[in-house]
């Protein structure tokens with residue numbers, strides 16, 4: 001063998017023996033390059049958004065995000081009061097915006113500069129002794145507008161006209177460019193996740209892995225047997241990543257914030273989905289434990305201990321006081337996200353431990369109820385959940401609340417024409433204030449934004465926890481479907497779709513297909529019954545899509561959402577603890593820019609995706 005051939009052979013061997021860590025480093029470099037491209041695209045976006053205006057620029061007061069300047073010119077001979085009403089505020093009173101002085105003389109109007117919100121259309125009301133005017137308009141962010149009120153040709157007829165002095169900026173252009181740039185990051189992570197490797201036994205969320213049955217022997221492994229269901233981790237990862245992005249600010253866009261009261265935004269979707277997929281994981285993990293011969297008493301002890309751990313972690317997270325001295329017990333907040341997860345997990349997992357079957361292959365197939373066995377076999381647990389729901393309905397609509405009407409579901413404040421300002425949340429708010437005390441619940445609820453409510457109200461309160469149990473139990477039902485119909489993909493997807501449609505129909509009846517006029521409106525703050533049925537319907541439909549794409553046809557590996565879905569508790573706790581630290585937050589040059597907030601929030605979210613990928617590659621998983 002010649003010397004040249006020997007060198008070539010050694011080169012081939014060295015390439016064959018190159019460690020995987022080198023490839024991982026290259027993948028990390030590609031990720032960082034894609035993330036840098038994302039940041040640059042977001043930073044360039046504001047330059048594209050600020051298009052030159054054909055009108056002369058008028059100097060205006062310093063504006064914040066989602067604000068515009070309105071200058072009212074009054075040529076009438078009496079002062080004028082300007083009031084406004086947001087179209088997003090249901091049955092609200094007009095709020096005074098300012099008073100415009102009367103014109104000093106003909107041709108010399110009185111004027112005043114006002115600041116108006118731009119998130120939603122508003123109705124402006126101009127009242128004076130001479131005229132009452134009203135018109136609706138949706139102002140644009142950072143725009144300058146003028147309203148002229150004057151007599152026509154010295155007659156008693158009054159004319160009102162709105163003029164745009166400076167065109168508003170397109171604050172949504174940054175978001176469009178940013179999410180377009182995320183495709184580069186996604187493509188890298190998808191390449192990372194294309195290998196559908198078999199996973200080792202680990203914990204994710206609140207239980208062991210989502211294994212439907214034990215691995216089969218010497219056969220092709222179907223999507224639901226012998227392999228962790230990637231669609232479940234992908235589902236959990238989608239909810240978690242949106243939650244992280246929303247909690248970090250969501251670019252300060254209104255649809256990435258929680259709805260002020262009735263209705264839904266993107267931010268309102270993620271927590272119920274988290275609860276739903278937790279229920280699915282409970283069904284599969286408990287079934288696996290029973291099949292391995294674990295005693296039910298041991299499982300119950302484990303459930304209680306996990307619940308206690310989650311609750312304590314939650315209390316610590318929402319009462320940090322890192323550098324503010326000793327924590328005051330007087331203002332300790334008790335309810336929270338992890339606390340609700342802990343309570344929900346305790347109830348649903350305990351019910352399933354008591355009623356779950358360790359063997360599902362010995363069920364008679366010739367009985368009339370076989371096609372509904374995934375539902376009927378667990379009727380004692382369903383009876384408990386339905387009883388809890390009846391308790392919720394009775395407390396919500398029948399419990400007497402001082403100075404409030406029975407069954408009140410409103411936001412208080414200026415809602416309902418200001419009749420019940422201290423009735424925020426009705427029975428739900430009253431129970432929390434009576435049971436926990438005003439100082440131990442959330443002090444700044446989202447109802448303050450639009451409805452100007454003044455009393456504390458906790459969206460993770462006691463009464464709403466009953467409906468979170470229902471949400472998790474519906475997720476548990478999805479797990480039972482996966483267990484009873486393993487390998488029967490069409491039957492699994494058909495049942496998911498049936499549940500999604502039925503729950504959607506229930507929501508349509510409860511809400512009358514409206515935002516505010518239904519029997520029980522969709523409301524995240526209350527965790528209303530229609531909120532649970534609607535989000536459960538969405539969850540079943542989304543699970544069908546993910547199950548088909550990821551586990552049945554394997555068209556998608558679930559990346560990048562699969563990685564944080566495998567380490568959900570670590571990512572959630574980590575994003576809360578390190579929220580104020582670099583690279584998750586830094587000092588911005590313009591804190592009133594959607595673009596800068598969007599950059600910061602997207603980078604922070606991508607960093608957590610990257611961290612979860614690194615942990616996944618190194619087989620590091622935090623389990624409770």
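All residue numbers here begin at 1 and follow the chain in the order shown.
Here the Cβ of each residue, glycine as well, is placed from N, Cα and C on the backbone.
Note on TrEMBL: of 184-207, 208-231, 376-399, the range annotated with the feature transmembrane segment is 376-399. Taking every recorded stretch in 237-255, 303-322, 337-355, 561-578, 598-616 and counting its Cβ pairs under 8 Å to the transmembrane segment (462-483), the highest total belongs to 337-355. Sequence-distant contacts of the transmembrane segment (492-510), counting only residues of its own chain at least 6 positions beyond either end whose CB sits under 8 Å from a CB of the stretch, comprise 224, 374, 474, 477-478, 481-482, 485, 518-520, 522, 529-530, 533-534, 536-541, 543-544, 547-548, 552. Over the domain 'Heparan-alpha-glucosaminide N-acetyltransferase catalytic' (228-348) the predicted model carries a mean pLDDT of 91. Ranking 303-322, 376-399, 598-616 by CB pairs under 8 A with the transmembrane segment (237-255) puts 598-616 at the top. Same-chain residues lying 6+ beyond the ends of the transmembrane segment (530-549) with a Cβ under 8 Å from its Cβ atoms: 223, 229, 231, 234-235, 238, 264, 268-269, 272-273, 276-277, 280, 467-468, 470-471, 474-475, 478, 489, 492-493, 496-497, 499-501, 503-504, 506-507, 510-511, 518, 520-524, 555-556, 558. Using DSSP to sort the residues of the domain 'Heparan-alpha-glucosaminide N-acetyltransferase catalytic' (228-348) gives these counts of helix, strand and coil: 87 helix, 1 strand, 33 coil. Residues of the same chain lying 6 or more positions beyond the ends of the transmembrane segment (376-399) and with a Cβ under 8 Å from any Cβ of it are 351-352, 354-357, 363, 369, 406-407, 409, 426-428, 430-431, 463, 466-467, 469-470, 473, 480, 529. Between the transmembrane segment (303-322) and the transmembrane segment (561-578) there are 3 or more Cβ pairs closer than 8 Å, counting only residues 6 or more apart in sequence, so the two stretches are in contact.
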